[in-house]
Amino acid sequence: MTNIRKTHPLMKIVNHSFIDLPTPSNISTWWNFGSLLGLCLTIQILTGLFLAMHYTSDTMTAFSSVTHICRDVNFGWLIRYIHANGASMFFICLFLHVGRGLYYGSYTYFETWNVGIILLFVVMATAFMGYVLPWGQMSFWGATVITNLLSAIPYIGNTLVEWIWGGFSVDKATLTRFFAFHFILPFIITALVMVHLLFLHETGSNNPSGLISDSDKIPFHPYYTIKDILGALLLILILMILVLFSPDLLGDPDNYTPANPLSTPPHIKPEWYFLFAYAILRSIPNKLGGVLALVSSILILLTFPLLHLSKQRSMMFRPLSQLMFWILVADLLTLTWIGGQPVEYPFIIIGQLASILYFTIILLILPAVSLIENKLLKW
């Protein structure tokens, strides 16, 4: 009799995706982040569900309801901090996952890469709306500043902003709709993840060498299931250390002050994972220009498959490209630091230089270096 996992319509899908899936034998720990992102999404949906049971999306009671969760609900403080810091872990895994894709040339799987970029945008939108929900000072002013950016769109800008706000300022209507969107988007993300995996399994995984690995495949289970469990345990360990020892390390103290439209915080800044984009936004002294640069900083990921001029797929055997890649990483860390600094000398000029370098490396230097490497190898 054939095994049920190979015949049952539902089990068959699971079997082909997680058990009998042929996987390259040499994929490194950098390939763990896909499963870790799945784990992060699961943690966020579960903790978010329990938070939603006690949260009220009304301007009068939102802040109090979060306080109530932390003080009165059984382990409410734990659920809330796992959710808040889980978002940080989510973005750490996201950035490492994208970085892996760039380094090893995984972006040559067009559909998988493009769905991944859509996922990145949707996760960023979800995180932004989630940050507004506690209705602290930084929630309110962050929502005001970021939604206001849409007013830079010519002709329809102001109408669009007021339509999103549901009034003439960020108020009850805004909070209610942000809660609704924040609740629904993770399920849309889950659907997109399935599409992402569907396209990935059409081609199979890439591997560190960037070479075709059809001649050397091993079953996903037990080899990579065990490897993924190790990654999951380490992720949970780091998350719980963060949650139990310094839950507010990555947060902003201003968000412990209830939202007050009459008093602006001295430094309005988003959560750490948006700081690089925020720095690029601020480095251009024009509203529309800044917004375009902000969107371009993520959309530029779409250009990687088009600008891949090297004869090799992976950067594993391309030392010059490796150097430029790590300079790009350092540049992004610099932008993240600048995004959290006040708008004054010398931070303004550092931010502008880092922003220029970011776009220059991706659009000019990396393709040029690829061509030089081709020449050096007489290809």
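Placed from the backbone N, Cα and C atoms, the Cβ positions cover glycine too.
What Swiss-Prot records for His83, His182 is heme b b562 binding site, and it gives similarity to another entry as the kind of evidence. Positions annotated as heme b b566 binding site by Swiss-Prot, on the basis of similarity to another entry: His97, His196. Here Swiss-Prot flags His201 as ubiquinone binding site. Annotation comment: Swiss-Prot describes 33-53, 77-98, 113-133, 178-198, 226-246, 288-308, 320-340, 347-367 as transmembrane segment.
Using a 10 Å radius centred on the Cβ of His201 (ubiquinone binding site) and all shown protein chains, the other Cβ atoms total 14.
When the stretches 77-98, 178-198, 288-308 are ranked by Cβ pairs under 8 Å to the transmembrane segment (113-133), first place goes to 178-198. Taking the C-alpha atom of His97 (heme b b566 binding site) as reference, the shortest distance to any of the binding-site residues His83, His182, His201 belongs to His201. For His196 (heme b b566 binding site), the count of additional Cβ atoms within 10 Å of its Cβ stands at 21 [all protein chains shown]. Applying an 8 A CB threshold to same-chain residues 6+ apart, the list for His83 (heme b b562 binding site) reads Gln44, Thr47, Gly48, Leu51. For the transmembrane segment (288-308), same-chain residues at least 6 beyond its ends with a Cβ under 8 Å from one of its own Cβ atoms are 98, 102, 105, 107-108, 110, 113-114, 117, 120-121, 124, 149-150, 152-154, 276-278, 280-282, 355, 358-359, 362-363, 366-367, 370. Taking every recorded stretch in 77-98, 178-198, 226-246, 320-340, 347-367 and counting its Cβ pairs under 8 Å to the transmembrane segment (33-53), the highest total belongs to 77-98. Between the C-alpha atoms of His182 (heme b b562 binding site) and His196 (heme b b566 binding site), the distance comes to 21 Å. Cβ atoms under 8 Å from those of the transmembrane segment (347-367) belong to residues 279-280, 282-284, 293, 296-297, 300, 303-304, 307-309, 321, 324-325, 327-328, 331-332, 334-335, 338-339, 341 of the same chain, restricted to positions at least 6 beyond its ends.
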